[in-house]
Each structure stands twice: as structure tokens, then as C-alpha cells.
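One structure is given below, encoded as C-alpha cells.
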């Protein structure tokens, strides 16, 4: 049985999550999508209470399913599985909408800390919506607005038709999250192919989509930022493990996400790793082949000690 792919939708208040959800729920896209949201919009549905956890599940005319959280996200996720297994509903994808002030971190960790959820669901990616009109003000006032961007695998920039030129905002987003490509979305209308199959939590070689180049001096220092570390020499696996363990010991509470591809001394294959806060995984990938070996890592977090991190990895040179 293949696990159900999960997309997490985050973004600050007014960023356009509801508009995007309306697009997902009303389009005849052929996907069998279940959506967990906090409040239901004005949609024509057949209501029914299913399950002993009082999770409200609604089946829409295009085959999508709406599910309101009761008390705990775990309950809603398990209720959906119960009803899927009983044949009451059908879905092969799940989209979860976070509230505007929610920290995506605990929601992400739900899929790695519950045995049944780990087996039955596969966290595919985090999509962050950013309001181009109000984003700077929101990120200046609320670290959570930066955090939502920091966790993202894709960033959707909304209201650009009103905001106008957004190059400086693009740069600020890249300073926060060097991993995530930015797409413009108008009134929630976007190719769902850009939202799905991001493989954000899979071990893969695309550590950074495009290394950002900055043309503007930042008006305000972000609390959350990306650190991209590149090494052109091999590293000893025990030594790089020690550096990573020290980093997690000292900064796990500050780390949001991190990902990397390592050139390990004496090994023909690349080593890939990815993590969220304290949870991480690593595995061997394909051989380097004709590609010039190198290491690339990106760390996204809250006021990370950049000089110390760079010095620790620089100390691995033999």
C-alpha cells in the first residue's frame, strides 16, 4: 500500500490560503484530495459526522474531501484513515491548511513521531503563501511569518498585481530560505503540479534550487536566515558526524530545516541528509561518476551562529 502524499499549506493571515483552497476544491483536476482545514468556507457539501473523534468530514461534488480539525491533528489524520479503510471515503492526496499564526514545525513533526502516521502518510512538501503587499511589515513584526517561509519547499507570492515591483521582497525571501523556489499566484490560480511531488522531505541531490545572488542591502536583519555551506574537499564521515552532532546539541531549537549532499573521503557515492529540528536522516546516493565531487549544505534557522558553523566545517579540511 502506497503512503498518502501530504502537502502542508502555510502562510500568514491574509496571504491567500483560503483562496488557494477554494481553487483546489472547485477545480475539476482529477485528483482525489482530502483537505484538513480549521474552518469551512461557503461550499455546497453533504455534511456527515464520521468517527468517534467528532471530526467533521465533508465530501464535495468534485470528489475532494474537507475535514475540520477537532482537538488534535492526529485525531483528524487517523479519522481519515479509518474512513478510507472502511470504504466510506476515497482520497490519494492530503492538503493541510495551517492557521495564519501557526508554527509549521510541530505539524511537520507529527508525521515523523507517530508510528501509524509514518507508515500511512508521506509528507511531500510545505507550501508557504506570502502576501506581497504586507509581507515586509508582517515579517518585521512577527518572527512566525519568517518561520513559515523558512520551512517552505515552495513559496507562492500573492497580490503582486497590487504590490507591483517585488524584487527586494524576492531577495528577502531568498535570504530566509535559499532552498525554495518562488512562484507568483494570482487569485489562487496555479498549476497544482507546482504544489505536488516536491519531494521536500526525501533524500535528494537538489539541495539548493538556485544559489541566490543579492543586489540590495537588506533593510532589516531577518531573525530567520539561510546559511549555504559549500566544500570543495572530501570530509571524514566520523568528523562530519561530530560537527553535525555538536550543531544539533547547541542549536537544535534554532534549526528549522537543513539539507545536504556530502563528499565523503574514500567513498565513491554521495551521502545525502535532510532534517527538521532534531529529526534527521541520511543515506548513500548514487556514485559521483563524471561529476566533480563537492559538498553543499543549507541550514535554515533562527539567528544561527553562522561564523561558528562555517568554521566548524572549514576545520574538516585535511
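Using N, Cα and C of the backbone, Cβ positions are placed for all residues, glycine too.
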Swiss-Prot lists motif 'CXCC motif' for one of the ranges 56-59, 60-63, 64-67, 68-71; which is that range? 64-67
List, in sequence order, the same-chain residues at least six positions removed whose CB sits under 8 Å from that of residue 187 (Zn(2+) 3 binding site)? 19, 23
Secondary structure at residue 114 (Zn(2+) 2 binding site) (DSSP, helix/strand/coil)? coil
Closest by Cα to residue 15 (GTP binding site), out of the binding-site residues 37, 74, 167, is 37
Determine the Cβ neighbour count for residue 114 (Zn(2+) 2 binding site): the number of other Cβ atoms within 10 Å of its Cβ. 16
To the nearest whole angstrom, state the Cα distance for the pair residue 74 (Zn(2+) 2 binding site) and residue 37 (Zn(2+) 1 binding site). 13
Counting other CB atoms within 10 Å of each candidate's CB, the least crowded of the binding-site residues 13, 15 is 13
Rounded to the nearest Å, what's the C-alpha distance separating residue 17 (GTP binding site) and residue 167 (Zn(2+) 3 binding site)? Just drop the number here, would you? 22
